[in-house]
Each structure stands twice: as structure tokens, then as C-alpha cells.
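Feature annotations, reproduced from Swiss-Prot:
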BINDING   E22, L23, E82, D286, K355, R362, R363  N(1)-(5-phospho-beta-D-ribosyl)glycinamide binding site
BINDING   R114, K155, S160, S161, G162, K163, G164, Q165, E195, G196, V197, V198, E203  ATP binding site
DOMAIN    119-308  domain 'ATP-grasp'
BINDING   E267, E279  Mg(2+) binding site
Amino acid sequence: MTLLGTALRPAATRVMLLGAGELGKEVAIECQRLGIEVIAVDRYPDAPAMHVAHRSHVINMLDGEALRHVITEEKPHYIVPEIEAIATDTLRELEGEGLNVVPCARATQLTMNREGIRRLAAEELGLPTSTYRFADSEASFHDAVAAVGFPCIVKPVMSSSGKGQSFIRSAEQLAQAWEYAQQGGRAGAGRVIVEGVVKFDFEITLLTVSAVDGVHFCAPVGHRQQDGDYRESWQPQQMSELALKRAQEIARHVVLALGGHGLFGVELFVCGDEVIFSEVSPRPHDTGMVTLISQDLSEFALHVRAFLGMPVGAIRQYGPAASAVILPQLTSQNVTFDNVHAAVGAGVQVRLFGKPEIDGTRRLGVALATGENVEEAVIRAKKAASRVTVKG
């Protein structure tokens, strides 16, 4: 039984979002629909989720003392991380003191570090992954590359959105790749993972919900990546029944091993009937924004329902749908969007995130579309995104 209090009243149910970007904004909206009091926290003011929260705080979330202070002040019933760059040691301490971290502090800590989740998947669970080695010095990096072989990929163990990643084809690239990885790590210089290149037909995100009534799966989401970030996603991604079964088995093993209730974005490589584990996020996934138009319950609604202890039941997928990002390049603290009227229409929607500024390339919105098939849906979403003119 789930008891929910009313926001801003003494018995309010309080949810604190650690990370207030576009994904957190949608989680906040789902909480608001249930009358929950929302507190949004991020490292910069006026972040998207702060626009729809009851209160907000600006702190360095890697600062454990600052994180503990704001949590102690607000006394949330649920702490919901939206990003990886958080003082997870502090979250584990707070969870040990009785606070509820979504899905659990262990999952948040393991997945913020590629080494933690890779060792769990490959070495503890025995799941198929790419070949890999870890390195914490330039000399051991060279040894790792020699062991894995060319071509290979190097990534900081703590980074996101492609930061610090390089595709290495020859020894001449090693020095530059090492330096780039040291610059791109979330917590500064440090360990890297060297991965062998996996031959695959396509990548999917399998949105997997662990709830009081068991583990549930959304239809697989296909996506296209460029420069470490997704550009388009679509649902459902066509794949063989055997590959889908294997993908679901891998996802089930991973989310149950991580523990807790919530939605997980499980990233997988698919080659024919073979499926290889890549990564997992213990929270809604950017490629899953397509579910805002493709399902009766979006990934955000599913996440909230699960961590509140409510049953998920069946997930209804409406049919072929796609998302395409609005990704301008400019510098402005007063962004405007023109021609939006030409982007929307029957079966086509636009979401603008409300980010306060841009300095370079930044994802500021997403177009969503349905279609007779996923190919048509992708075309419609891309066309809608291209029609939005971003100025500043």
C-alpha cells in the first residue's frame, strides 16, 4: 500500500531530484501529477526541472558535505539521482541511516563508474561483454591496448556523453587518446577502460522496470549515436525473438543484481541472434524520450510508479514512434525558438527543455513523431526537429 501526502502540507510526500536536466524535468512532472512535493538540485541555477519543482538548490553534488546538508535540510522521502556526477559514498551513508535512494545507493555507485558495472556484468554475472582492460597510468594504458588489440576504444571510467572517448586504430593515436581521456573524466584524471570493438548490427536500449510486481520490459528502443550522444531513437526496434529473449534475460540479471525499484536503461549490442551487454543507467535514459509519445506510460511515469512501490502491470506500446534531438550550436543566455508552429502537427510533438543558456552545442529540445513504421517516424521526427530555428 502506497500512502501519498499532499505537496506543501505537513504530511507531504517529498521527492528530491539530484540532477535537474530534461530527464529530471519529466520525472518532476510525473511526481506533480501525483501531488508530490518536488525539490530539484543541480550545479547551476534555472535548470529544466527547477521550473516545475516546488523548491530548488544549487550545489556541487560531488561535494559530500554539501549534498548531506541539503538532504538533511529538506528531509526527502525519496532521493532520485538523475545524473552520475554525485557523491555516491554519501548516498550510501545516508541510505545506511534510513533514507530511500532510488533505486538504491549501490546501483547508483556501481553505475557511475564503468569499472564497477563492467566487473559486475562480466565477472560476477558472467554476461557477454566486449573484451576489456583497465589502466591507471600511461604505461598500463599501452599494455591494455596491446592486450585488447586494434582497433579499440578508450573511455574514462567516469564520464558521460562521449567525453574523453577515442576510437584508436593505430599506435600513433595512443598519446593523444590518453591525454584526451584524462581531460574528459568526470572527476578529473584517472582510470580508463580499453574496450575491444564489437561487431554489431544495431544498438538498443532495453528500458527495464523493477517493481513490486516483478520485472517489466518496454519494447526495445533503437538509436543512432554521433559524437557520444544520441541523435535519433525509435521504438520498436525490430529484432529476432531469440535476440529479444536474450536481451531481456541479460537486462533482468543486471537490474536484479543492482537491486531496488525503478526504471533502468540497459544498453545492448545486437548482432543477429547474439546480444552483448554494454552499459546500464539506473534511471530514465535519454534515448527513452521516445516513450513520451510511444507508450501509455512513459519511462518517466514508469520510474515514478516503480520507486513509489506501485505495481506496473502491463506496458502498452502504441506503435512505431521516434524522437530526434534539437541540437543547435551557438552562444546565448537568452535563447528563443522560432518556427515551432511548422514543426508540430498530427502525430508530431515538440518538447523544449528550458535550459537557461548555451555555449557551443547543446541539446535544447526533442521532436517526437509517430508513423506507419519506424522509418517513417524517424523521418517525421527529424523533419520536425530541423524546422525549429534556435536563436540567441
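If you go along the chain as it appears here, the first residue is 1 and each next one adds 1.
Cβ atoms are placed via backbone N, Cα and C, with glycine included.
Note that the structure is a prediction, hence the values are computed from the model and not measured.
The DSSP secondary structure for L23 (N(1)-(5-phospho-beta-D-ribosyl)glycinamide binding site) is helix. Taking the C-alpha atom of G164 (ATP binding site) as reference, the shortest distance to any of the binding-site residues E22, L23, E82, E279, R363 belongs to E279. Neighbour counts were taken as the number of other C-beta atoms within 10 angstroms of each residue's C-beta; across the binding-site residues E195, E203, E267, D286, the minimum falls on E267.
Using a 10 Å Cβ-Cβ cutoff, S160 (ATP binding site) registers 17 neighbours. For the binding-site residues E82, E279, the largest tally of other C-beta atoms within 10 A is found at E82. In the structure shown, the C-beta of L23 has more C-beta neighbours within 10 angstroms than that of any other entry among the binding-site residues L23, V197. Neighbour counts of Cβ atoms within 10 Å were compared across the binding-site residues R114, R362; the minimum falls on R362. G164 (ATP binding site): 24 other CB atoms within 10 A of its CB, across all protein chains.
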